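Before any comments, here is the structure.
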Amino acid sequence: MKKNNLKYILFPWIKNTPQKKFSNLSLDSRKLTSKDVFIAIKGTKKDGNDFIFEAVKKRVVAILSETKEKKKHGEINYINNIPILSFFKLSEKISNLAARVYKEPAKTLKIIGVTGTNGKTTVTQLINQWSELLGKKIATMGTLGNGFYNALKTTKNTTSSAIDIQSFLHIAAKKKINLVTMEVSSHGLVQNRVKNIPFYIGIFTNLTQDHLDYHKNMKQYESAKWSFFSQHKIKKIILNANDKYAKKWLRKLSDKYTIAVTIQNEKQKKYSTKWINATGIKYNVNSTDVEFESSWGQGILSTCLIGYFNIQNLLLSFASMLEMNYKLSDLINTSIQLQPILGRMQKFDVFGKPKVIIDYAHTPDALKKALNAIKSYYKKKIWCIFGCGGERDQTKRPLMGSISEKIADRVIITNDNPRNENQNKIIKEIVQGCIKKEKIIIIPNREKAISSTFFKANIDDIIFISGKGHENQQIIKNKIINYSDQKVVIKLLEKKI
């Protein structure tokens with residue numbers, strides 16, 4: 001990539017910027033080179049301004065330092081001939097700056113952003129699968145990683161940094177990809193990571209309790225999600241209008257192009273530009289048939305995905321495909337070929353052994369919906385294995401304990417990612433929500449919890465393992481341990497018992 005000119009990148013926000021050539025922007029002082037510009041902003045845990053001298057030692061081209069004082073904006077100081085430019089509300093402009101560095105890649109792409117508490121990964125991956133089935137190559141960013149369908153590189157966050165996003169879009173544009181799906185988290189919205197991105201389609205899945213350690217209350221959490229539709233450029237908005245928040249937003253978005261997606265709730269269509277409504281659902285042994293009516297016509301979608309909530313996810317994906325002008329008949333004919341997403345209601349079924357389902361459900365609402373979905377398909381005993389993450393929203397722990405105890409026949413409480421929090425404290429807080437303590441088994445070691453349950457369960461039983469989904473690591477204190485629920489289950493299923 002050609003070198004960038006600092007003066008051009010910062011115009012018109014800072015006047016008298018020195019003419020400096022540089023290669024990249026960086027938020028991480030550990031990864032700096034002498035060709036970079038260091039962006040020093042306050043993060044959730046650390047403040048980049050504390051690492052300015054480290055950047056100076058690495059002889060960076062320049063440093064942009066976020067200031068809280070408006071009057072200091074545009075001030076330029078020098079240390080060892082390295083300019084340090086004060087920038088008021090810098091974090092809000094990083095997306096713009098990075099877009100300039102990477103030559104505005106979003107302008108050549110159609111970008112679909114998906115936000116919501118649960119379902120972001122499933123919706124993006126269903127769009128990816130469907131596009132591939134119908135002959136279109138697609139790039140994606142999200143929880144499972146960034147990259148191209150079936151070739152993803154693991155990432156730390158659901159929504160990458162503003163700089164990494166623009167870098168990825170630049171790569172996608174160079175490879176002549178013209179469609180990108182992106183999971184948009186509430187953290188990503190609050191931290192302005194997608195601020196400069198023009199979305200062709202914005203999708204909302206649902207809003208339920210999660211991340212209250214970060215957002216403090218549901219009002220702030222709702223505000224973060226709503227900002228996606230109220231403060232960002234989105235050409236077409238698709239809402240799960242069965243959700244109570246979406247119903248409210250649909251009315252507030254009356255001047256926008258909206259698509260209301262509902263299940264047995266046709267009232268919402270009068271508030272939207274276009275609509276899809278599922279009029280009937282038939283659960284079969286290995287599939288589900290979804291009868292629908294819509295602005296595009298009517299028909300039946302068949303799917304092998306498990307659960308009512310996955311019907312919602314399917315319909316949201318369906319709406320986005322229709323909005324990208326795919327033929328209704330082609331989508332109907334290929335819907336049955338869509339496969340379950342890694343770690344999302346992923347079924348393991350071997351003759352003569354208990355059935356196992358692995359899911360990422362780590363919120364009260366997701367756990368409840370997953371367990372109810374299993375109950376609607378299978379009438380035998382349900383064993384539920386789950387834990388809660390450390391250093392995360394503590395208020396959901398007893399709620400998840402209560403939900404699991406009410407729906408499952410036996411509940412095995414174990415570790416998730418305890419991080420630096422005491423594992424026994426986490427487990428105790430989960431148990432506080434349980435009334436029927438005789439249904440509860442506590443096995444902190446996750447692998448032992450799964451294997452113990454596997455050998456206790458009858459072959460007709462269902463073992464539901466929740467919380468980690470696709471993850472292949474476990475965080476205990478400051479150690480990251482290689483661990484995968486899938487690998488543990490496959491190992492058990494392959495054993496000759």
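Backbone N, Cα and C define each Cβ position, glycine as well.
What Swiss-Prot records for Gly116, Thr117, Asn118, Gly119, Lys120, Thr121, Thr122 is ATP binding site. Among the features that Swiss-Prot reports, meso-2,6-diaminopimelate binding site is placed at Arg392, Asp416, Asn417, Pro418, Arg419, Gly467, Glu471, with the record citing sequence analysis. Marked as N6-carboxylysine by Swiss-Prot on the basis of sequence analysis: Lys225. Annotation source Swiss-Prot lists motif 'Meso-diaminopimelate recognition motif' at 416-419.
Counting Cβ atoms from all protein chains shown, Gly467 (meso-2,6-diaminopimelate binding site) has 26 others lying within 10 Å of its own Cβ.
Of the listed binding-site residues, namely Asp416, Glu471, the sparsest CB environment within 10 A is found at Glu471.
Checking each of the binding-site residues Pro418, Arg419, Gly467, Glu471 against Asn118 (ATP binding site) by C-alpha distance, the shortest gap belongs to Gly467. In the three-state DSSP assignment, the secondary structure recorded for Asn417 (meso-2,6-diaminopimelate binding site) is coil. Considering only the binding-site residues Arg392, Asp416, Asn417, Pro418, Gly467, Thr121 (ATP binding site) has Gly467 as its nearest partner by CA-CA distance. Most buried of the binding-site residues Lys120, Arg392, Arg419, judged by other Cβ atoms within 10 Å, is Lys120. When other Cβ atoms within 10 Å of the Cβ of Gly119 (ATP binding site) are tallied across all protein chains shown, the result is 26.
Straight-line distance linking the Cα atoms of Asp416 (meso-2,6-diaminopimelate binding site) and Thr117 (ATP binding site), rounded to a whole number, equals 19 Å. The highest number of surrounding Cβ atoms within 10 Å, among the binding-site residues Thr117, Thr122, is found at Thr122. Lys120 (ATP binding site) has Gly467 as its nearest neighbour among the binding-site residues Pro418, Arg419, Gly467, going by CA to CA distance.
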